[in-house]
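Features of the protein shown, as given by TrEMBL:
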type: BINDING; residues: A53, V54, N58, S323, L420; note: Na(+) binding site
type: DISULFID; residues: C156-C164; note: disulfide bond
type: TRANSMEM; residues: 45-62; note: transmembrane segment
type: TRANSMEM; residues: 74-96; note: transmembrane segment
type: TRANSMEM; residues: 117-144; note: transmembrane segment
type: TRANSMEM; residues: 238-258; note: transmembrane segment
type: TRANSMEM; residues: 267-287; note: transmembrane segment
type: TRANSMEM; residues: 316-337; note: transmembrane segment
type: TRANSMEM; residues: 349-374; note: transmembrane segment
type: TRANSMEM; residues: 408-432; note: transmembrane segment
type: TRANSMEM; residues: 453-478; note: transmembrane segment
type: TRANSMEM; residues: 484-507; note: transmembrane segment
type: TRANSMEM; residues: 528-547; note: transmembrane segment
type: TRANSMEM; residues: 567-587; note: transmembrane segment
Amino acid sequence: MPGSPILLSSAPLKLIDKESMMSNSSDSSEDENPERGNWGNKMEFVLSCLSYAVGLGNVWRFPYVCYRNGAGAFLIPFIIMLFITGIPLVFMELSLGQYCSSGIVTLWKASPIFQGVGWAMFVVSVLISVYYNMIISYTLYFLFASFAKILPWSACGSWSTEVCNDGELFKIKACTKNGGEWCNGGCIANMTALNETYRLAISPNCSNFTSEIKSPSDEFFHEYVLGITDGVHEMGTIRWELVGCLALAWVLVGLCLAKGIKSSGKAVYFTAFFPYVVLLILLVRGLTLEGSVDGIVYFLTPQWSQLSKAQVWADAAVQIFFSLSPCWGGLITLASFNKFRNNCFLDAIIVSVMDCVTSVFAGLVIFAIIGYMAHELNVDLDKVASEGAGLAFVVYPEVVTKLPISQLWSVLFFAMLITLGLGTQIATVTTVHTTLMDYWPHVFRVNQRRRMLLLVMIAVACFLLGLAFCTQGGMFILQLFDNYAATYSLLLIGLVECIGIGWVYGADRFLGDIELMLGKRPSSIWKYSWKFVAPTALLAILIFSWADFKSSKYDKYVFPLWADGLGFIITLSSIMLIPAIAIYKVVCAKCTSGLGLVEVIKNLAKPADDWGPVSKEHRTERKMIDGTPTEQFESQIPFVGSQYSAEQDTKV
């Protein structure tokens with residue numbers, strides 16, 4: 001079973017001296033790679049990966065997905081998919097980054113024809129950086145609003161529309177959904193059965209609420225904060241309060257990354273631990289509320305019949321894949337700052353398991369709160385359960401208005417969401433920043449001032465692009481990005497990545513690389529996982545996602561066809577780079593070498609002459625394992641960035 005300690009062979013690697021391994025311990029205070037730097041200690045790396053993987057989706061998506069797919073029974077396919085796709089992909093990416101100490105583009109010297117995979121990851125990270133900070137901006141807005149003497153969404157206000165109802169919203173919806181009519185604070189299940197005279201007499205005082213009704217928290221978010229328009233075709237004006245929050249979000253990210261991993265490594269002690277503290281506080285508080293236990297029981301009670309549905313297994317695979325965040329490039333980038341002998345296998349297990357445990361823990365907290373709200377409103381849990389922005393900015397704000405000291409619980413919740421978001425955003429921006437520095441080291445790695453200038457340029461560019469989300473119709477654009485920027489593209493990137501490493505570079509060769517780092521050769525189970533199991537699972541998810549395609553929606557608004565077309569362009573903006581760069585390399589190589597097409601492709605599929613560990617000592621050890629000379633091979637492979645000479649690469 002993947003993830004078990006027995007999956008690392010007990011046979012030691014003879015070439016590695018134990019004293020050498022101890023001197024290169026990941027907790028050593030000296031950097032192995034002075035140019036790029038290394039994590040201060042192992043804890044910083046693990047917390048950075050955990051902070052990156054554990055994001056907003058763990059809190060606002062997993063609980064609802066679990067409840068919708070059989071509650072407690074969903075944990076079975078969820079855990080199975082963790083071992084089939086989650087841990088193998090995480091282990092592969094952490095090993096890749098650590099072995100070559102390089103970013104997501106330059107690591108493809110392992111097989112230059114696949115360099116487009118790295119650029120595709122880069123584009124995905126840029127797109128996510130642009131829109132993810134907007135979600136943090138919404139959270140900052142709600143955090144500031146939580147310090148008001150009375151929470152502004154506790155009742156309908158001057159910003160409300162005629163459909164705002166701050167009294168018995170959920171009771172009314174439950175009544176009308178079952179065919180009844182709401183009259184004078186009560187539900188009449190069958191109005192037509194009443195005496196005709198009596199029915200006509202009371203009808204003027206009744207409303208069947210066939211028109212839409214909304215809660216104050218719903219109206220506060222959509223009417224006051226967003227000022228939302230009627231659709232994606234109408235962008236409206238800029239909401240300057242949101243612009244200010246977006247600017248603040250980028251300032252926070254910039255401060256955390258001011259000194260690279262030396263500063264972000266310290267920030268993760270807060271961004272990783274604080275959410276757990278808040279979740280624990282909210283769980284303890286939730287358990288003291290009436291109905292909370294019912295919510296937790298509802299969340300955990302297995303509905304075994306659901307396991308026979310393909311949708312449940314597909315949702316489990318999708319949730320694992322997008323929760324652990326492989327193929328974004330973040331895991332590879334974070335691991336590239338590890339020391340060479342770090343036990344990345346153990347790190348992969350810790351990060352993967354902790355991410356899943358966090359999802360379940362967050363589910364307990366959310367459903368304890370939802371159970372309380374359902375009890376207070378005397379409605380079924382499914383009338384309250386929600387996901388995504390609806391849970392974070394509508395349902396939970398509605399809940400806290402019914403709690404004593406509501407401002408405290410609101411501040412804690414939104415502060416937690418901010419730290420969760422920042423943890424992911426910091427790693428994503430680090431990926432963008434590191435990729436550019438590794439590709440043009442002579443430009444951006446000259447000194448700290450150049451590195452800081454690049455960071456400022458990235459932040460300003462992403463901020464300016466993010467202004468589109470600050471308009472009144474910005475939520476619709478954000479929804480398109482969320483649906484298309486990192487969904488189909490990530491699955492395709494992951495599939496090609498597995499092919500590139502497992503089949504072209506060679507799973508056996510890669511196991512040898514890992515053996516050099518860990519001192520033990522991983523089990524062949526990993527080889528079959530990377531070559532067969534993980535790619536098959538990714539392909540199945542991709543096919544299922546395409547087959548289950550539905551037009552984008554936000555609340556009850558269905559996006560027009562042209563908007564989904566724009567969404568697919570967003571998807572293509574990253575994945576089209578994979579074939580485009582491969583073709584470019586083949587054409588350049590054929591023109592400069594005079595070789596035949598097949599020979600050129602074979603050469604581009606082979607590792608470049610300067611591929612391998614940064615350290616000459618480690619590089620020599622790898623050559624000895626291969627049984628090849630230690631001197632560099634003559635290269636016939638032209639690179640997209642021709643300025644990347646072997647001499648420069650040894651310094652990156």
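Cβ atoms here come from the backbone N, Cα and C positions, even for glycine.
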Taking 8 Å from the centroid of the Cβ atoms of A53, V54, N58, S323, L420 as the cut-off, which other residues in that chain fall inside it around the Na(+) site?
L50, G55, L56, G57, V59, D355, T358, S359, T424
Take a look at 238-258, 316-337, 453-478, 567-587 and tell me which one has the most Cβ pairs under 8 Å to the transmembrane segment (45-62).
316-337
Which range out of 74-96, 267-287, 453-478, 484-507 gives the transmembrane segment (408-432) the most CB pairs under 8 Å?
267-287
Taking DSSP as the reference, which of helix, strand or coil describes C156 (disulfide bond)?
coil
Per 10 Å Cβ neighbour count, which of the recorded positions A53, C156, C164 ranks highest?
A53
Annotated stretches the transmembrane segment (74-96) and the transmembrane segment (528-547) touching (3 or more Cβ pairs under 8 Å):
yes
Could you check whether the transmembrane segment (453-478) and the transmembrane segment (238-258) come into contact, where contact means at least 3 Cβ pairs under 8 Å with the two residues of each pair 6 or more apart in sequence?
yes
Please state whether DSSP places V54 (Na(+) binding site) in a helix, a strand or coil.
coil
How big is the Cα-to-Cα gap, in Å, between N58 (Na(+) binding site) and C164 (disulfide bond)?
30
What stretch of 117-144, 267-287, 316-337, 567-587 shows the most Cβ pairs under 8 Å to the transmembrane segment (528-547)?
316-337
Looking at 238-258, 316-337, 349-374, which one has the highest count of Cβ pairs under 8 angstroms to the transmembrane segment (267-287)?
349-374
Using Cβ-Cβ distances, find the residues under 8 Å from V54 (Na(+) binding site) that belong to the same chain and are at least 6 apart in sequence, listing them in sequence order.
A272, P275, M354, D355, T358, L420, G423
Per the 3+ Cβ pairs under 8 Å rule, pairs at least 6 apart in sequence, do the transmembrane segment (316-337) and the transmembrane segment (117-144) touch?
yes
I'd like the Cβ neighbour count for L420 (Na(+) binding site), meaning other Cβ atoms within 10 Å of its Cβ, all protein chains included.
28
At a C-beta cut-off of under 8 Å, are there same-chain residues at least 6 beyond the transmembrane segment (567-587) that contact it? List them, or none.
112-117, 119-121, 123-124, 127, 480-481, 483-485, 487-489, 492-493, 496, 552, 597, 600-601, 604, 638-640
